[in-house]
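Notes to accompany the following structure.
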Amino acid sequence: MATSIPPVFSEGVGYGIIVGLGAAFALGMGAVSWGLERYFAEVQTSEMFMTAKHSVKTGLTASAVVSSWTIAATLLTSTTEGYLYGVSGPFWYGAGASVQILLFSVAAIELKRKAPNAHTFLEVARTRYGAGAHITLGCYSLFYQIIQAVNLLVGGSTVFSALTGMNRDAACFLFPLGVMFYTLLGGIKATFLTDWAHTVVIYVIMLTALFTVYTTSNVVGSTDKMFELLQTAAQLHPVEGNADGSYLTMRSQGGGYIGLIFVGAGFAAAVDSQLFQKAIAADPSSTLAGYLIGGSSWFTIPFVLATTFGLTAAATEHLPSFPTYPNRMTSAEVSTGLAMPYGALAVMGKGGGVAVLLMAFMAVTSAMSSETVATAALLTYDFYQAYINPQATGEQLVRFSHYVVVGFGLFASAIAVGFNHAGFSVTFLVTAIGIIVDSAIIPMACTLMWKKQSKAAVILSPLISSTAAIAAWLATAYTHFGSVTIATTSENLPLVAGNMMSLGGPIVLTPLITYLRPDNYDWHLLKNIKQADDADITPVVLPTMPSALAADEALATKEEIDDSVLLRARKWSIIASIFLTLAYLILWPIPMYATSYVFSEGFFKGWIVVVFLWAFYASSVITLLPLWEGRHSIASFALFTFGIRSKKSKTNGEFIEGLRTDSLLENNPKVDEKTTDVEMKQTG
C-alpha cells in the first residue's frame, strides 16, 4: 500500500524484528518445553497439547484472554476511531468489544461444569446434536478463525510495510513461522506462556506512551496542552455528528455507531473456538476470575492506547511534527490504521515507530498462536477424529494436529496476500466479520444453557440470519450510497444494519424453530465425553519433581468439588456480567451522550486520570498475578534445575503449568504423602 510519506526505517529493521523476535520466542518456548518434560514429567500428549490438562490458573487465564482479544485491529482500528471521533471513539470501541468477554464467562463456566473432559466446544455440539448441527457450527468457527488469522496478517503487514518499506507479501508469510515452531513444541500451553510475555510487552509500551504523551513530550506533554490542541483541531476540522464539532464529547453519532458495530464485531469472537479452548484449559476454580479480570484489563488496551495515540494524531495533524504535515492523512491511510504509527512518530519520533512495530508484532504473533491451536483442535477432534479416524490414538492425533499447525499458517498467509492485493483493510475485516458469523452466537449459547433447543434451530437459525444480515448490509450500502463497493460497505450505517441483523435474527428464530419440536436434553450425557487415549505416547524417563507426578492422580478426585465451585462461579458470573455490561454500555456513556456535554478542561484532566488509573490496574494485574501465583514453583524449578538439595520441598503453585498441585495433594488422601517429601537430586 502506498503512503504519503517515505518509510521511517529500512527494510532490514522490519525483517529483523519479525524474523529475530520470532526466532527468539521459538527458541525460548523450545527451552521451556524441554524443561517441562525433563523436570516436570510433562509429555506433549494430545491432552496436554490441546487442553493443558485443564490446569491453568487465574493469572495466565486472564493474560490469555487479553492476548486473544488483542489483535492488530485492537491497536490500529481503535486508534483510528480516536482520531476520527475524539474521546468517544476509544471508549465505544473498548466498551462495545469487552462486554462479550464478561458474558462469555458464563458460557465458559457452563462448558467446564457440564462437559469437563471436552477438548472443544464443538465436541459438545456433536455429542448433543449429531453431525448436521456440529458441522454447521464448525464451519462458522473455522471461517472466523481463518478470517481472524488473515486479519492479523493484513494489519501487521500494513504497519511493517508503512514504517519499514518491507514487502507486505513477505511479512504475511514470515509472521507465522515462529508461531508455528513454538506452537508445535508447546501446544496450548505455549500460547498461554507467550500470551503472557507478549501482553506484558504491550502494557509496558502502553504505559511508556501514556506518560510520554501526557507528561514529558515537547509536542504535547500535559493534559492542558492536549486540550488546547484538540480545540484547535476541532476549529480546523470539526467532527461531523459530534456536539459542537468537538473531539472532547461523548455526544458523537459516529462514536455511537462504532459502539453498535463493535458490539456485533465483538460477539463474533465468541464464535471462535479458541476462546472456549482457553476456558477448557483453565483450572475450574480460576475460570470466573480469569475471564472477569481479563475482560476488565482488555478494555484498557483500546481505551488507553487510542486515548493516547488516537487523540495525539488528531491533535498534532496540523503541527510540523506530524509525518504528513502540511497535508492531512489520506482516506487510505486512515482506513488501514496508520493513525497509530503516525501519532507515535509525531510525539516520540523514531522511538515511537519502534514501539508501534513491537506492539504490532506482539499482537499478531500471540493471537496467531491462539488461532493456530484452536484450529488444530477443531480439525483434529471435530473432523479428523469424529469423521475420518474415530479410533485414532493419542500419537496419531498429535501428528495430525502438527500437520494442521503448518498447513493453517501457510493457508492464512496465502489468503492474506490476496486480501492485501484486493484492497481489504484491517478495519473492513474486523467490522464486517460479525455480519457473517454473529448469527451462530445464540445457538451456541443455547447449546450450553437451554436443554430444549432443537437440532433444527441450531442448523436453520444461523443460516437464515446470516443470509438476512448480508442482504441488509449490502442493501443499506446501495440504498444510502448508490453502489456496493469496499468503500460503501465500510460505512457505519451498512455495518450497523448487517451486524445487528446477524446478532438479532437468531433471538427470534431460535425459539420459534425450537418450539415447533422442542428437545429435552439430559446434560449428564455430556459427561460421557472422554479424554484421548495417550497410552501410546511414552514419556522420557528422567528424575522429575514428584508433585508433578502426583498431580494427575489427584486431578481425578476433584470433579465433585469442581461442580460446586462452578455452580457458585456461575451465579457470580451472571451478576458481574450484567452489572458490568450495564455500566459499560449505559451507566457510564449514556448520561454524557444524552446531555451533549462537551468536556471542560478540568473534566478532561479527570478523564485522563481515569485513563492512567485503568492503565496501572491492568498492567499490574496481568504482569504480576501470574508471577505471584507461580512464585513457589518458579523457586522450586530453579532449585531443582541447578541441583540444590531441599528436604520437604512442596510446589504451591505451578507457574509454568499454572497447576496448584499442593491443594490437590492436600485434599486427596489417595496420594501418598511421601511424594511431597523428596530429596531433589541433580540430573545429568
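The first residue you see is number 1, and the count goes up from there.
Any Cβ shown, glycine's included, is placed from N, Cα and C.
Taken straight from TrEMBL:
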{"type": "TRANSMEM", "residues": "12-36", "note": "transmembrane segment"}
{"type": "TRANSMEM", "residues": "56-78", "note": "transmembrane segment"}
{"type": "TRANSMEM", "residues": "90-109", "note": "transmembrane segment"}
{"type": "TRANSMEM", "residues": "129-150", "note": "transmembrane segment"}
{"type": "TRANSMEM", "residues": "170-188", "note": "transmembrane segment"}
{"type": "TRANSMEM", "residues": "200-220", "note": "transmembrane segment"}
{"type": "TRANSMEM", "residues": "256-276", "note": "transmembrane segment"}
{"type": "TRANSMEM", "residues": "400-419", "note": "transmembrane segment"}
{"type": "TRANSMEM", "residues": "425-450", "note": "transmembrane segment"}
{"type": "TRANSMEM", "residues": "495-516", "note": "transmembrane segment"}
{"type": "TRANSMEM", "residues": "574-594", "note": "transmembrane segment"}
{"type": "TRANSMEM", "residues": "606-628", "note": "transmembrane segment"}
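Most Cβ pairs within less than 8 Å of the transmembrane segment (90-109), among stretches 56-78, 129-150, 200-220, 256-276, 400-419, belong to 256-276. The stretches the transmembrane segment (495-516) and the transmembrane segment (425-450) meet in space: the count of Cβ pairs below 8 angstroms, excluding pairs fewer than 6 apart in sequence, reaches at least three. Long-range contacts of the transmembrane segment (606-628) within the same chain: residues 57-60, 62-63, 66, 87, 196, 199-200, 203-204, 206-207, 210, 214, 223, 226, 293, 296-301, 303-304, 307-308, 599, 634, 655, 658, each at least 6 residues beyond the stretch ends and with a Cβ under 8 Å from a Cβ of the stretch.
The transmembrane segment (400-419) makes no contact with the transmembrane segment (56-78), as judged by fewer than three Cβ pairs under 8 Å among residues 6 or more apart in sequence. Recorded stretches compared: 56-78, 129-150, 574-594; the one with the most Cβ pairs under 8 Å to the transmembrane segment (425-450) is 129-150. Distant neighbours of the transmembrane segment (574-594): 88, 91-92, 95-96, 98-99, 102-103, 105-106, 249-252, 256, 259, 263, 292, 295-296, 299; these residues of the same chain sit at least 6 beyond its ends, with a Cβ under 8 Å from one of its Cβ atoms.
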